[in-house]
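Listed in TrEMBL:
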- 13-142: domain 'tRNAHis guanylyltransferase catalytic' (DOMAIN)
- D36, G37, R38, N39, F40, H41, S82, D83: GTP binding site (BINDING)
- D36, D83: Mg(2+) 2 binding site (BINDING)
- D36, G37, D83: Mg(2+) 1 binding site (BINDING)
- 145-261: domain 'Thg1 C-terminal' (DOMAIN)
Amino acid sequence: CSRRGLAMAKSKFEYVRAFEADDTCLPSCWIVVRLDGRNFHRFSEQHEFKKPNDDRALQLMTRCAQTVMQELEDIAIAYGQSDEYSFVFKKNTKWFKRRASKFMTHVVSQFASSYVFYWKDYFKDQQLLYPPGFDGRIVLYPSNQNLKDYLSWRQADCHINNLYNTVFWMLVQRSGLTPVEAQDRLRGTLAGDKNEILFSEFNINYNNEPLMYRKGTVLIWQKVNEIITKKIKLPKEAEEKEVEVTRTKTQVVPLHCDIIGDQFWEEYPEILAEDS
């Protein structure tokens, strides 16, 4: 029976509610939900992901993140790389009464179900062999600088990991080294050493690699113009006529750019605005 709009029934068992922990997030803090793929190393091997980067997998992750943002509109910005995505809720959001468990479960469940739902759009004939899993965590950041440093940390991590993986898989795929031999070759190397291996041995300038690989993906809200066709009836005309109409919509737009420097935040100041 539906009990929507009705107060919860009283009973002698209601005392068990007192065992629920208070997980209300502190006020005036950015709420960040970061999710990661569970055991995605195995998952990527079982589903034959291309190495070091698989455009299908990265684009599927972004599609899922866009779905989450469209469902939970209080997300101000999201950042993703590899098998992880971070969702930043507005500082003063009142969603879910700021309960951490609600934020985390809504984001992770929406993302995971979207991953399965949109799988065939990106992997076509590749069958989904088993359900993927994702785990999530909640972190609160009290200041704008804390938040910017968090996102900078994740983008720096993207660069470090992608540079390593790019060199590693070139050594395995093109030089014929075993994974263990490639690890030994790269042990103790710095970024400059890895760049030199790519350039001198494989004629690859790392700076020319796609930005999506090197910088990850930033999702923000943007107003975009959309042209649609509408049927209207003009005065003194009996039949309807199709005309093109331009309308403005707010959409979740993916960007592949640097967010460590000041330029991004100067270009999109509304992200950090208190009343955004």
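Glycine is no exception: its Cβ is also placed from the backbone N, Cα and C atoms.
Taking the mean position of the Cβ atoms of D36, G37, D83 as the Mg(2+) 1 site, the remaining same-chain residues with a Cβ inside 8 Å of that point are L35, R38, F40, S82, E84, F134. With the fewest other Cβ atoms inside 10 Å of its Cβ, the least crowded of the binding-site residues N39, S82 in this structure is N39.
When the domain 'Thg1 C-terminal' (145-261) is classified with DSSP, helix, strand and coil residues number 57 helix, 31 strand, 29 coil. Per-residue pLDDT, averaged along the domain 'Thg1 C-terminal' (145-261), amounts to 92 for this model. All chains included, 17 other C-beta atoms sit within 10 angstroms of the C-beta of D36 (GTP binding site). The most densely surrounded of the binding-site residues R38, H41, judged by C-beta neighbours within 10 angstroms, is R38.
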